[in-house]
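Read the structure below first, then the notes.
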Amino acid sequence: MAVAEVSRTCLLTVRVLQAHRLPSKDLVTPSDCYVTLWLPTACSHRLQTRTVKNSSSPVWNQSFHFRIHRQLKNVMELKVFDQDLVTGDDPVLSVLFDAGTLRAGEFRRESFSLSPQGEGRLEVEFRLQSLADRGEWLVSNGVLVARELSCLHVQLEETGDQKSSEHRVQLVVPGSCEGPQEASVGTGTFRFHCPACWEQELSIRLQDAPEEQLKAPLSALPSGQVVRLVFPTSQEPLMRVELKKEAGLRELAVRLGFGPCAEEQAFLSRRKQVVAAALRQALQLDGDLQEDEIPVVAIMATGGGIRAMTSLYGQLAGLKELGLLDCVSYITGASGSTWALANLYEDPEWSQKDLAGPTELLKTQVTKNKLGVLAPSQLQRYRQELAERARLGYPSCFTNLWALINEALLHDEPHDHKLSDQREALSHGQNPLPIYCALNTKGQSLTTFEFGEWCEFSPYEVGFPKYGAFIPSELFGSEFFMGQLMKRLPESRICFLEGIWSNLYAANLQDSLYWASEPSQFWDRWVRNQANLDKEQVPLLKIEEPPSTAGRIAEFFTDLLTWRPLAQATHNFLRGLHFHKDYFQHPHFSTWKATTLDGLPNQLTPSEPHLCLLDVGYLINTSCLPLLQPTRDVDLILSLDYNLHGAFQQLQLLGRFCQEQGIPFPPISPSPEEQLQPRECHTFSDPTCPGAPAVLHFPLVSDSFREYSAPGVRRTPEEAAAGEVNLSSSDSPYHYTKVTYSQEDVDKLLHLTHYNVCNNQEQLLEALRQAVQRRRQRRPH
């Protein structure tokens, strides 16, 4: 839960003294060095000393002042550069200093070494003094901190006979949410939001006469009053400037807190009644379960393209047939399995109905000819929708095009359904709560193994468990700054979210589009790529460039697709937020910290203007992480794994991740026999760890299905062929790049996955009994 408090500021004085024995980056002359200082919690831009020419031991003796809050993690970056006007400045030394190590009133002199072996050193003095100011209103969950904002309104009006269209101006408030703004005089009001205690200034200049500038310090403006100025020019007044500074809202649009939101908690209360009734019937209990005896059961589905979507339909139908679907409170999906969930939740009562209808619709879409998705009329429709999104303010990226093509692959017509619409399917606890997973990364600078943060999407909220920051799902994609909603954009259709959740497939798609000049060439390239992915390895993010003479379908979208090809560029709702001084020790953050940058707050996600969201398959093909939050208190996970290469591979990766992070999870240790010949269902549990959920793992295997068409019903010789399902990773018709199945193949996969669930009814019931027993044992006596 977020806590609000008034925090007074301190004055941090940094005096850059001198350096000793700096190595020269120039071949002929000594170094021409300067030092930059960056403290993003106190200043929006880097400050810089003067340049000392031709010296390996430069003396600067320059002081810089920063107003800081001791509740924030104030990490200053100091860098020494060797100036080079020809080839660009060369970095010599980079060090970090945590101002939190200073006490109020303390003076300290630091000597920073160039390297453990090098002789070069940088000497800096630091002094921290308390200030007797009014303080600032801070809101924090112990990891992130939101600060007071001030809002500056600027109105420009012409004063002479000049036409406003003749004069273009640029307005800048450094560090503001809006950044530089350009417009003609008299075109309206401009707004700038920035932290209230920053000593910023408004700068206005004519674009055709940059020497003409107006500067207005914001700290000198009275709050709530209009201040009128006249723009100074060399000839005559050109425009009248009206300024009004107001305090920003204190109520945040971003929820800073850990654990389920109020809407999810209310849903769980409703769902418990459904679960209790289903468990009483399934387990043939004598009486009703008490509220604290009702276990939390979850389904976890992995990715795998059309294979995952089809298999999940079959397994859900099996659970429905056994009367066990109503025992489930959560269902999580990744990549291809999210397609199934998005389809099903268009019907608010889907789990209370026979799934035969949705399954038949699935078959129609999976078996249809896909050539039409690149027909000229479709390409034009994609272009129009992408252009409209850009006009509304959404960043453009390749994943948006993939989302529209993927929608055409899965549906005959565009669907207007949105993620927040799925709340209707939860209104009286009639269905499990769906949670969709994505991975936030750093783009091309780091791999997903070096930096990957789990992001979860539900009908109620989108957010990061690591940071304890969430927004209502209908606001995902809108613009935020310092926890405040700056610009609300219309909620995206869910196909654009599916594009994020499954853009592992966009790598192959993008390559094919780049090379193709007509649909037939596109599909030829797609199939050729599919043949090279015999073990379903994660595709590299580097795409081979086609010859310059190659015709490309992608050129049709060149002006609209300006972002990194495979990353979903989304406005960052964490933008501007700072870190609490003790964020690194916070139990929720420490549970999820697993990147190379977690100890560097200035480089974490709140510092980025955009999120870079990818398919979780780029790290681990699982959707389990939302279920492992202790506040969700999940007792039993039904693990539905659709991998063709290794029945336990992804689950073992997940187990290793949990072990490294200290997250309670049972050891995943299948025997050599199980590895070689996996069964339809495996149980993993850890009785010694009460916080670890039990896992009932269903790998995608064909075991007794070869001999039985239904539990206890042996196949006749005529039915033998129907029991042969090709699940080899090299030549399977269910390879993840396959977008069309034959009628026979889709029927086999549906029957197999349905059978594997129904054939393990007793194991499912026993796992549910154990979950109830576990709850009873935890009751206070």
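Backbone N, Cα and C atoms are what each Cβ position is placed from, and that goes for glycine too.
Features of the protein shown, as given by Swiss-Prot:
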type	residues	note
DOMAIN	1-112	domain 'C2'
BINDING	D26, D82, D84, D90	Ca(2+) 2 binding site
BINDING	D26, D32, D82, D84	Ca(2+) 1 binding site
DOMAIN	246-781	domain 'PLA2c'
ACT_SITE	S335	active site, nucleophile
ACT_SITE	D615	active site, proton acceptor
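Its Cβ placed at the centre, the residue listed as 'active site, nucleophile' has 31 other Cβ atoms within 10 Å. The residue listed as 'active site, proton acceptor' sits 6 Å from the residue listed as 'active site, nucleophile', taking the CA atoms of both as reference points. Under the DSSP three-state reduction, D82 (Ca(2+) 2 binding site) is assigned to strand. Least packed by the Cβ count within 10 Å, out of the recorded positions D32, D615, is D32. Each of the binding-site residues D82, D84 was scored by how many other Cβ atoms lie within 10 Å of its Cβ, and the smallest score goes to D84. Shown for the domain 'C2' (1-112): DSSP residue counts in helix, strand and coil, namely 3 helix, 61 strand, 48 coil.
Each of S24, K25, T29, S31, C33, Q83, D89, D90 belongs to the same chain as D26, D32, D82, D84, is absent from that list, and has a C-beta within 8 angstroms of the C-beta centroid marking the Ca(2+) 1 site. In the three-state DSSP scheme, S335 (active site, nucleophile) is classed as coil.
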